[in-house]
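Everything below concerns the one structure shown next.
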Amino acid sequence: MIHHNNYPQLRIELASPEQIRAWAERRLPNGEVVGQVTQASTFHYKTHKPERDGLFCEKIFGPIRSGICSCGNSKSVDEKKEYSNFCKQCGVEFTDSRVRRYRMGYIKLACPVTHVWYLKRLPSYIANILAKPLKELENLVYGDTYPNLFLARPVAKKPNLLRLRGLCNYDNQSWIKILSRFFSTRGFEIFQGREIATGGHAIKKQLASLDLKSVFNSAYLEWKELSEVESTEDEWEDQTIQRRKDFLIRRMKLSKHFLHTNIKPEWMVLDVLPVLPPELRPMIELSEGDVITSDFNELYRKIIYRNNILLDLLLKSAFTPEGLIICQKKLIQEAVDALIDNGIRGQPLRDSNNRPYKSFSEVIEGKEGRFRENLLGKRVDYSGRSVIVVGPSLQLHQCGLPREMAIELFQSFVIRGLIGRHLARNLRDAKNIIRNKEIFIWKILQEVMQGHPVLLNRAPTLHRLGIQAFQPVLIEGRAIRLHPLVCGGFNADFDGDQMAVHVPLSIEAQTEARVLMFSHTNLLSPATGDPIAVPSQDMLLGLYVLTIENSQGIYGNRYYPNERTKDPISSFSRIPYFSNYDDILRAKEQERVDLHSPLWLRWQKDLRIITSLTRELPIEIQYESSGISFQIYENYQIRKGQSEDILSLYILTTAGRILFNQQIEEAIQSTLEASQHRNQQLLAITI
């Protein structure tokens with residue numbers, strides 16, 4: 001277990017062969033060193049015990065049962081004291097079985113194997129540091145064109161049998177046939193080690209011979225020369241120069257990183273392969289006799305099996321054809337590639353059911369990988385998740401929480417309230433009351449929620465407004481309701497987005513939520529300072545629909561000439577008249593008018609609104625016998641007396657606009673009252 005006080009950070013880097021051995025090797029009290037896995041077997045088919053030196057060997061990874069060795073002998077294990085005693089017959093330590101979760105093993109490869117991440121992943125680090133085409137290195141690693149393609153690099157201070165140097169390509173293969181007949185297998189291995197190299201061995205030789213300082217200096221000088229070259233008129237040539245400069249920058253960064261971290265480039269070629277602990281790649285036998293196993297076990301078995309075959313070819317067979325050895329090395333390379341990143345070279349390695357094996361890369365990468373699923377992000381208690389819908393009736397700092405979700409999130413608080421009020425005798429009774437959904441539990445839940453904020457989070461949390469605090473309100477249904485103005489901070493909309501709910505438990509967390517994280521205190525963008533709680537498209541469309549009027553307006557009666565009355569302003573008699581807001585809202589409730597139908601409202605607040613429209617010509621002017629005139633305009637009408645003084649003013653509006661205006665007035669009035677109250681408090685404090 002990693003303790004945060006001792007290990008403040010975690011860094012992933014290349015491991016040397018010695019480091020991999022140190023992870024796995026252990027020295028027993030009798031002096032024997034264990035840790036190397038040499039057999040591809042797992043469990044014995046009769047005894048169901050792990051095979052010795054296999055992938056589940058108890059001697060290497062620890063006992064399956066705590067304090068019991070492979071022979072069945074037992075010894076008590078004291079957790080406060082480490083026991084180095086072990087069984088002299090089977091060599092298994094008397095220790096806790098939990099060591100099988102972190103004890104590793106290793107496989108000593110019969111030939112160097114190139115790490116596929118550093119060869120095939122883009123950018124290819126091996127190709128960059130060697131300054132060679134990736135296709136050329138692939139042909140060399142996998143022996144696709146051997147013996148036509150190999151690396152000729154004689155060993156220093158030794159006589160040369162062939163005067164070759166560099167990457168050689170021969171169409172005439174007669175010489176290689178003569179050499180393979182002249183040398184035995186061991187003799188050819190000695191010759192090959194001195195004169196030619198293929199596969200991962202060739203890559204390792206080139207990486208080991210690199211002088212990183214010289215690589216950095218030469219790349220820097222070339223980049224400096226290219227930077228001084230002025231732009232040509234040839235676009236193709238300019239692009240070629242730019243690509244070369246980008247390559248040199250990557251090469252300088254890579255060599256500089258190797259120098260600063262004391263990592264050797266040849267570590268990108270594997271000589272020792274680590275084996276995961278058995279508990280991380282389990283094998284389970286079902287009651288019917290079937291076995292469920294991790295894909296890692298099958299991939300490790302293929303590597304060990306092919307590695308042992310190559311060892312036999314090199315050690316036991318005196319006249320094995322050299323081409324067979326090259327082919328076996330290629331099989332080992334492909335098996336290790338499948339373990340690390342299956343399918344990276346095209347066709348993945350498959351099992352008997354034609355299903356691709358799940359490699360190490362698939363286990364750790366992606367949203368459901370080990371890092372993002374288990375290490376960087378974990379499921380936590382007192383949290384929930386649901387779809388968000390709009391809640392226009394909510395205040396800015398409120399959110400609607402479904403009853404089903406709220407009773408689960410605040411269950412412990414409700415249980416404490418039930419027991420504290422003597423409505424339940426113990427924990428079991430309280431849970432039964434909650435399970436039966438008694439009516440009075442909702443009242444207790446509301447009291448609990450009233451003083452307890454919740455945190456809403458929408459992934460991805462790209463800035464601090466991605467998680468904000470709200471006052472929960474109980475609602476029906478199963479969706480979380482959210483005020484539309486806070487969607488800007490979350491970058492959310494109501495087309496199926498989901499949000500997570502978290503309950504802050506400690507007093508410090510609740511205080512921080514109330515003081516710093518409440519939505520009504522986060523109205524400005526932390527990046528730009530611009531308002532972020534602004535109406536979104538949904539709100540703008542809603543306001544547009546609320547305040548729209550029918551397309552005909554005051555001219556609607558022109559299409560109904562038979563409905564005119566004897567009113568003095570008969571041309572516009574179909575449009576109703578109202579003296580105040582209350583009459584309009586009452587008519588709306590009685591469905592005598594709808595939201596969009598035009599109506600005349602007597603305006604008594606400010607008659608100066610017509611000053612800007614004095615130049616507008618009236619549509620119609622009507623006179624009464626008493627001398628009173630009616631001047632009808634497109635959006636208002638004026639009633640004047642004999643002395644041309646304004647007796648009354650009516651404006652053309654709709655019920656929707658009246659509702660909108662009333663809400664705006666109430667909001668402004670409440671803001672002014674709150675501001676005045678706050679100023680009075682500050683004044684009282686200063687006095």
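Here the Cβ of each residue, glycine as well, is placed from N, Cα and C on the backbone.
Now, the feature entries from Swiss-Prot:
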- CYS69, CYS71, CYS87, CYS90: Zn(2+) binding site (BINDING)
- ASP493, ASP495, ASP497: Mg(2+) binding site (BINDING)
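All features noted in Swiss-Prot, drawn onto the structure.
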residue: CYS69; record: Zn(2+) binding site; contacts (Cβ under 8 Å, 6+ apart): GLU58, PRO63, PHE86, CYS87, GLN89, CYS90, VAL92, GLU93, PHE94
residue: CYS71; record: Zn(2+) binding site; contacts (Cβ under 8 Å, 6+ apart): CYS87, GLN89, CYS90, VAL92
residue: ASP493; record: Mg(2+) binding site; contacts (Cβ under 8 Å, 6+ apart): CYS487, SER536, ASP538
residue: ASP495; record: Mg(2+) binding site; contacts (Cβ under 8 Å, 6+ apart): none
residue: ASP497; record: Mg(2+) binding site; contacts (Cβ under 8 Å, 6+ apart): VAL387, ILE388, ARG458
**Message:** On a simple 10 Å Cβ count over all chains shown, which one of the binding-site residues CYS87, CYS90 is most densely packed?
**Reply:** CYS87
**Asked** If you take the centroid of the Cβ atoms of CYS69, CYS71, CYS87, CYS90, the listed Zn(2+) site, which other residues of that chain have their Cβ within 8 Å of it?
**Response** GLU58, SER70, GLY72, ASN73, PHE86, LYS88, GLN89, GLY91, VAL92
**CB-centroid shell, 8 A cutoff, Mg(2+) site ASP493, ASP495, ASP497, site residues removed** = ILE388, ALA492, PHE494, GLY496
